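**Student:** Below: one structure in structure tokens.
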Amino acid sequence: MASLAALALSLLLRLQLPPLPGARAQSAAGGCSFDEHYSNCGYSVALGTNGFTWEQINTWEKPMLDQAVPTGSFMMVNSSGRASGQKAHLLLPTLKENDTHCIDFHYYFSSRDRSSPGALNVYVKVNGGPQGNPVWNVSGVVTEGWVKAELAISTFWPHFYQVIFESVSLKGHPGYIAVDEVRVLAHPCRKAPHFLRLQNVEVNVGQNATFQCIAGGKWSQHDKLWLQQWNGRDTALMVTRVVNHRRFSATVSVADTAQRSVSKYRCVIRSDGGSGVSNYAELIVKEPPTPIAPPELLAVGATYLWIKPNANSIIGDGPIILKEVEYRTTTGTWAETHIVDSPNYKLWHLDPDVEYEIRVLLTRPGEGGTGPPGPPLTTRTKCADPVHGPQNVEIVDIRARQLTLQWEPFGYAVTRCHSYNLTVQYQYVFNQQQYEAEEVIQTSSHYTLRGLRPFMTIRLRLLLSNPEGRMESEELVVQTEEDVPGAVPLESIQGGPFEEKIYIQWKPPNETNGVITLYEINYKAVGSLDPSADLSSQRGKVFKLRNETHHLFVGLYPGTTYSFTIKASTAKGFGPPVTTRIATKISAPSMPEYDTDTPLNETDTTITVMLKPAQSRGAPVSVYQLVVKEERLQKSRRAADIIECFSVPVSYRNASSLDSLHYFAAELKPANLPVTQPFTVGDNKTYNGYWNPPLSPLKSYSIYFQALSKANGETKINCVRLATKGASTQNSNTVEPEKQVDNTVKMAGVIAGLLMFIIILLGVMLTIKRRRNAYSYSYYLKLAKKQKETQSGAQREMGPVASADKPTTKLSASRNDEGFSSSSQDVNGFTDGSRGELSQPTLTIQTHPYRTCDPVEMSYPRDQFQPAIRVADLLQHITQMKRGQGYGFKEEYEALPEGQTASWDTAKEDENRNKNRYGNIISYDHSRVRLLVLDGDPHSDYINANYIDGYHRPRHYIATQGPMQETVKDFWRMIWQENSASIVMVTNLVEVGRVKCVRYWPDDTEVYGDIKVTLIETEPLAEYVIRTFTVQKKGYHEIRELRLFHFTSWPDHGVPCYATGLLGFVRQVKFLNPPEAGPIVVHCSAGAGRTGCFIAIDTMLDMAENEGVVDIFNCVRELRAQRVNLVQTEEQYVFVHDAILEACLCGNTAIPVCEFRSLYYNISRLDPQTNSSQIKDEFQTLNIVTPRVRPEDCSIGLLPRNHDKNRSMDVLPLDRCLPFLISVDGESSNYINAALMDSHKQPAAFVVTQHPLPNTVADFWRLVFDYNCSSVVMLNEMDTAQFCMQYWPEKTSGCYGPIQVEFVSADIDEDIIHRIFRICNMARPQDGYRIVQHLQYIGWPAYRDTPPSKRSLLKVVRRLEKWQEQYDGREGRTVVHCLNGGGRSGTFCAICSVCEMIQQQNIIDVFHIVKTLRNNKSNMVETLEQYKFVYEVALEYLSSF
């Protein structure tokens, strides 16, 4: 019964479970339906753990009681009672299918409780390799019957594979897992995607390997795709691209491959219908190649290396498709590679002297195929020449004995070698010998050269060198700073002693160490032959300029030894002193003054006189002598007035035999005459061997008293006439011849006296009539006399036994000088009250002495028709010549040679024509300046210039044309060759629109050929400019100083109105030109007219000074013999005369600042005899030379329409000085009563005007605005009676015509009210506004000619100076006004100019300044009190320092 039941159940189940679809279909080898034993299909099972294994079940043959077991014939595992994870394997036979095919099977999961019985995994093992991970699996709940699954397998011959079914149990989950109907189909699966052939992937080590899995089938988002490694490691895949609806692809990468990455990989996909498995593809990892040996070095250069790569022996895989060289510096981090395509390779563009590391890189195919660099070749390139020498080399510190250089720091980029040297080479010339030296520099960018010589021109350069070469910097030429100089050579000090003077000269120090600027000489008396001499004050100090290596010390005490300590100075200070001693000669005793020559008592045979002791001078009085001289008829009164001392003793007894007119009546010892006492001449006594016989009653006598001093072999004598005694009157009728002679002498004396009185009276009257001033004329007369007396002074010093020289007078070639009486037989120095006539002023660095030249014979031949003119007759002569009655300037000028008078063949040569500005003003052959010939140019010796003789100075001048562009270099060659220290320029660069001269001087430094010219200083003055240069020639260490005197006030046409400015210019040139310098170079445009005027004036001033005469005609004639047409027009010829006349009338009135205080008291002291002073004489001369104003000179002010604009018609502004108004004010004219005035420094610096009238206030403010006036100085009080009312706004603003004046501020400082206004032209607002200060000086009462306080007026001047410095840059003008624009305004302008002169030139010349002001306005400084006041303010100004 039981068996029947089972059978029935089995049948029932068969009926319930439908058969497997296609269960009995035919399949390829490897399939199995399990109807027979599975081994018949080639299947096998592997016994699992604890007997867990696959069993073949055939329920048809053996039914199963458990309903969970399906019916049929199949393979199954029973997981009941199994531990979790137990596995059972069913192995299919090995298959060798080629290409893609399908394996499908059915599986069945069942359990009683419907829980999962476990898992079913399917493995595809290829070529007997590892099992790996399952390609398909299922787990979970039981299935609802048999479920079909597909395996799409892609394999390719000769590979084979084996499918393994694995059952995995789950603990506590009993059930059954069955597999049935396994088929191997020769076509792709219906549902499961299949893969195309997976290709092998070859990569290089370290690269990412990418596998691309291409599947056929339909992609579903639920499909799972992965890459399965041979050893079973899975990597998920992502579909990257769907090709079409039946094909898709996915990629996966194996990152950072290495040899351990070498393996086989296949693609696996799991879909709802099953799994697809690709073939295994191999991942091949190649090792990039590396050379075994380093490259071989073949050759080395500075910027290249030749190498051989040595790439045949390698480590790694080939093939080698690329060879590269990698190189880098051993100290750097960068590397560079070059492709090598030849057996040897040259590395270019390397850096010199750098160590390189060179390796070879080999590359095989594929990304990352370049292997690591091979072993390195380490080598160093050679050094290369430096790129350039040191750059931007400059001197940053210059000292006397050292220089500090600085240059642009450089490194390897410049040196191109790590081993280099930096050297400084320098050379200089010392004592005409060239020295060269070099020093190695250790610092990087600066170096100090030490041990140099001061003030030395040094040429230096830096040298940068390395083993391969060297480069130099640009040459620098620098001069070390000055140092204190060495000592003046003691042996060079020479002294010429006189009585009260010592002339001392010396040579500069051997080591000047710079430009000697000053010499300081300290002197003091150290002993005297005269024990009574007070030497306490005999000391002092003088300073001499660099070009004055001599000095005449005056005011010394005779017979005294002086020590002189000399030291030189540069800009750095004084050097060591050197001391010498020189003694003055003894002087004749100083004789006392006798009020009258009337004797105390007189008889027929005696005369009693008073004897006074003499004052010793340098040596004690040795003896007194009383001399009696007989006066005879043949001696004129003039000759008798000349006192002659008696050096040869003659006794009364010897006088007759020697026919001597004099005899010694007595000789007294100094002890015998201690005090004043009477002495009777003719007392018939003997004194020290000399008989004093009675006098003859019939003779006339002169009684002389003389004193002698003897010391050191010298004998000096001085004498005085004590009395005269006439012959006695006889009562007999017979007249003795001696009486007659004596009476004749007396009568002649009386007549001569009367004649002299009449002549003097007529001279005074003539002087007044001609308005000449004796003081002015006497300047040149006295200078001439001084020269003669100085020349003859040496003859008058007596030796021990020399006879007394008689005074001599050297006569001029054209007239006789008057004789001068002298009370001393030895005249070594001329002393006069005039300050311009001191023997030689003691100089400091600020003084301005004017040198004189030694008088010699006249250098110009005197024509008998044009004789030289005495200075005293010059005014009369010029007046007569200007009248032109019969013979005047016109005829005299026409008598001069005109045009060419000598050959000028050289100037006419074709090669020299372009060197001449004008074809008719060229150089004579005989006097032309010949330049040194330049190499290769025989015509380079020509320049249009001629030597011109001066007064006793051959070739003292060079007259030349103004340089042209082609001749500038030649001009400077001439300056250097001739050693000229002064250039006089009497033209402007452009006149009337025409170029008269090219600018041939630099603003800073310029090189003309081989001459380097550097501007040092510019001193602008009102009428001329002084520029100071240093001049240096290439190859010479000498640096010379040169001054260019540029006279800027010569008008474009004609001549200057007055010679005042030109005379000051001439004196300045004369003073500043060193005596040892070469010719003064003078030029205008052509080098004829103005040039000749300057030379003629300078020459004639020298003649007037030395001889008291002038010879202008013959001077010009001689000038024209040396250069054509010097003094070119009659107008210039007359101007030369006028200039000389003004110089003679006015004299030289300049006073050095250092002497002003002492001289001022002398010139202001009243002479009791004349009741005058030199200042008064100056002012009288000033009135004489002040130009008379003619009506035609002030024609504009005289126009009727301008009458009401003038306070007075007496003094009107000159037409040429008028400031015409520019701003338009209705119908008002452009006239204002004002004049432009020069200051000392600035032309037209002042605008002098009257106090504005009510109808001219607008004109006044137009003047202020139009002429850029920054200051207004008001010097008068407001007075309504005089129509002097306020013309400015107070606290507000006001309009005056077109000018708006706005009050800004005001303050009061003692006597000064200081206001500030802002003004603008309302008609031209675009011009902006200007700031103007208004200085109202209230300290000058109306009733006084001068203000009571000099200090307060100086405060106005200082306020004006300060304002100009701070606000207008000294460019604005100053309006100065008083009531009439005359005396007060002129006084203020003169004071301002004097202050400027003191500051700029250290001299005071009040006369010159006032004369300059009066040339433009005749009422400037109206009274003597105002003129004196200017002097007094100058003294006050000096006291403020």
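Including glycine, each Cβ sits where the backbone N, Cα and C put it.
Quick paste from Swiss-Prot:
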DOMAIN    30-191  domain 'MAM'
DOMAIN    193-284  domain 'Ig-like C2-type'
DISULFID  CYS213-CYS267  disulfide bond
DOMAIN    291-384  domain 'Fibronectin type-III 1'
DOMAIN    389-483  domain 'Fibronectin type-III 2'
DOMAIN    484-590  domain 'Fibronectin type-III 3'
DOMAIN    591-726  domain 'Fibronectin type-III 4'
TOPO_DOM  769-1441  topological domain 'Cytoplasmic'
COMPBIAS  809-828  compositional bias 'Polar residues'
DOMAIN    889-1143  domain 'Tyrosine-protein phosphatase 1'
ACT_SITE  CYS1084  active site, phosphocysteine intermediate
DOMAIN    1175-1437  domain 'Tyrosine-protein phosphatase 2'
MOD_RES   SER1208  phosphoserine
ACT_SITE  CYS1378  active site, phosphocysteine intermediate
**Student:** Restricting to the chain of the residue listed as 'phosphoserine' and a gap of 6 or more, list residues whose Cβ falls under 8 Å of its Cβ, or answer none.
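**Tutor:** Non-local contacts for the residue listed as 'phosphoserine': ASN1380.
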**Student:** If one looks at the chain holding CYS1084 (active site, phosphocysteine intermediate), which residues at least 6 apart in sequence have a CB under 8 angstroms from its CB?
**Tutor:** GLN961, GLY962, MET985, VAL986, THR987, LYS996, CYS997, ARG1090, THR1091
**Student:** Output, ordered by sequence, the same-chain residues six or more apart from CYS1378 (active site, phosphocysteine intermediate) with a CB under 8 Å from its CB, or 'none'.
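**Tutor:** The list for CYS1378 (active site, phosphocysteine intermediate) reads GLN1250, HIS1251, MET1274, LEU1275, ASN1276, ARG1384, SER1385, given in order along the sequence.
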**Student:** Could you give the mean pLDDT over the domain 'Ig-like C2-type' (193-284), rounded to a whole number?
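**Tutor:** Mean pLDDT for the domain 'Ig-like C2-type' (193-284): 86.
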**Student:** Taking 10 A as the limit, how many CB atoms besides its own sit near the CB of CYS267 (disulfide bond)?
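**Tutor:** Cβ-Cβ neighbours of CYS267 (disulfide bond) within 10 Å number 28.
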**Student:** In the three-state scheme derived from DSSP, which category covers SER1208 (phosphoserine)?
**Tutor:** coil
**Student:** Please state whether DSSP places CYS267 (disulfide bond) in a helix, a strand or coil.
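**Tutor:** Its secondary structure by DSSP: strand.
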**Student:** Any chance you could find the range in 30-191, 193-284, 291-384, 389-483, 889-1143 with the most Cβ pairs under 8 Å to the domain 'Tyrosine-protein phosphatase 2' (1175-1437)?
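**Tutor:** That would be 889-1143.
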**Student:** So if I draw a 10 Å sphere around the Cβ of CYS213 (disulfide bond), how many other Cβ atoms end up inside it?
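**Tutor:** Step by step: centre on the Cβ of CYS213 (disulfide bond), count other Cβ atoms within 10 Å, giving 27.
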**Student:** By DSSP assignment, list the helix, strand and coil residue numbers for the domain 'Fibronectin type-III 2' (389-483), in that order.
**Tutor:** 4 helix, 52 strand, 39 coil
**Student:** What is the number of residues in the domain 'Ig-like C2-type' (193-284) that are helix, strand and coil, as DSSP sees it?
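**Tutor:** The breakdown for the domain 'Ig-like C2-type' (193-284) reads 3 helix, 55 strand, 34 coil.
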**Student:** For the domain 'Fibronectin type-III 4' (591-726), what does DSSP give as the number of helix, strand and coil residues?
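**Tutor:** Its residues fall into 13 helix, 59 strand, 64 coil.
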**Student:** Reported in the order helix, strand, coil, what are the DSSP residue counts of the domain 'Fibronectin type-III 3' (484-590)?
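**Tutor:** Secondary-structure breakdown of the domain 'Fibronectin type-III 3' (484-590): 3 helix, 50 strand, 54 coil.
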**Student:** According to DSSP, does CYS1378 (active site, phosphocysteine intermediate) fall in a helix, a strand, or coil?
**Tutor:** strand
